[in-house]
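Visitor: Could you have a look at this structure, given as structure tokens, before my questions?
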Amino acid sequence: MTTMYVSRVSTRPLSAQSAAQLSKAVAFFAQSYRLSSNACTAPTPSRRAFTSASKIQVKGRDLFPEPEHGQIKRTEPAWPHPPYTAEQMRSKVYFAHRKPRDFSDRVALGMVRFLRWCTDFATGYKHNVEAPKKASDSNALTATKPYQMSERKWLIRYVFLESVAGVPGMVAGMLRHLRSLRGLKRDNGWIETLLEEAYNERMHLLTFLKMYEPGIFMRTMILGAQGVFFNSFFLCYLFSPRTCHRFVGYLEEEAVLTYTLSIQDLENGHLPKWADPDFKAPDLAVEYWGMPEGNRSMRDLLYYIRADEAKHREVNHTLGNLKQDEDPNPFVSEYGKERGEKPGKGIESLKPVGWERDEVI
């Protein structure tokens with residue numbers, strides 16, 4: 001005969017704390033079981049050619065979440081963005097090209113075309129149009145190639161371009177700042193505009209990073225491109241600031257063209273994810289540009305960014321027309337009330353190919 005020994009079991013009811021711990025343990029093991037079951041049946045994601053990014057619009061992890069501070073609730077931008085109206089962004093902003101007038105201009109244009117080719121190759125950019133039919137009509141586009149772009153490809157191009165576009169203003173502003181210090185003289189207002197331009201381009205980049213997460217390969221490309229471009233622009237600006245400003249003016253022409261083509265793609269129905277009414281501009285963009293309620297779609301965001309690029313085009317073509325060591329910055333200068341159109345921070349009197357020196361000095 002076998003004798004069985006049974007341990008004593010307490011007949012007292014569980015305390016509230018013990019019951020809570022037991023329920024948490026049961027829930028944890030149940031969730032783990034569901035996750036392991038799903039992992040066995042989930043399809044394997046396909047590989048991507050250019051980047052290891054995992055999403056087009058960020059829904060989970062934020063690349064740069066706002067830090068949690070006990071006392072600081074909000075930090076205002078150092079350079080508040082000037083207001084743009086929808087009418088201004090649609091009627092005053094369009095693709096335009098300034099024809100080179102001397103050897104310096106031709107060198108700048110040649111360098112931009114080479115950089116454009118390198119960027120197209122690096123980002124796999126292939127579009128179904130070459131350019132707008134005429135400079136004054138941003139919507140007159142004729143397809144000449146099969147359509148090969150998508151929301152993801154456009155975001156790849158945006159992120160790569162904006163990561164480079166923020167370099168010239170910072171380099172030029174830094175060099176002029178240092179020259180003002182060692183020369184013991186004023187800079188005539190150029191530094192602020194150049195640094196504000198770099199800040200604005202960085203805001204473009206941060207906005208797109210709210211919608212797209214680059215992979216390690218693209219991050220490596222950005223690192224290499226920034227190193228090469230920063231040092232090259234640094235040396236060129238020491239040698240010929242005028243050529244560098246003309247270079248940036250031509251570079252911004254390409255940026256205006258890029259955003260014009262992407263807006264046209266969106267309006268023609270080639271980018272359905274961005275046309276979805278539920279796809280809204282990130283809060284970062286809404287606050288920076290002051291986007292009004294009802295005008296916060298991806299299309300509206302691209303119009304704002306294109307207007308910024310058109311402004312940089314005007315500023316740098318104008319600075320390229322001035323005497324680099326003598327003339328004041330016309331975009332922060334005050335003019336008489338009797339003057340009609342005049343340069344400023346907004347796009348009310350936007351000149352696509354820049355102001356000539358005799359118009360502003």
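A Cβ is built for glycine as well, from the same backbone N, Cα and C atoms used for every other residue.
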Visitor: Of the candidates E151, E252, E253, E359, which does Swiss-Prot annotate as part of the Fe cation 2 site that also includes E201, E309, H312?
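Guide: Record source Swiss-Prot; matching candidate: E252.
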Visitor: Need one residue: from E87, E162, E356, the one Swiss-Prot lists with E201, H204, E253, E309, H312 for Fe cation.
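Guide: Record source Swiss-Prot; matching candidate: E162.
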Visitor: Under a criterion of Cβ-Cβ distance under 8 Å and sequence separation of at least 6, what residues of the same chain contact E252 (Fe cation 2 binding site)?
Guide: E309, A310, H312, R313, N316
Visitor: Using Cα coordinates, what distance in whole Å links E162 (Fe cation 1 binding site) and E253 (Fe cation binding site)?
Guide: 14
Visitor: Please give me the CB contact count at 10 A for E162 (Fe cation 1 binding site), counting all chains in the structure.
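Guide: Result for E162 (Fe cation 1 binding site): 23 other Cβ atoms within 10 Å.
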Visitor: So if I measure Cβ to Cβ from E253 (Fe cation binding site) and keep only same-chain residues at least 6 apart in sequence, which ones fall under 8 Å?
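Guide: Expected: F95, A96, H97, R98, V112, R313.
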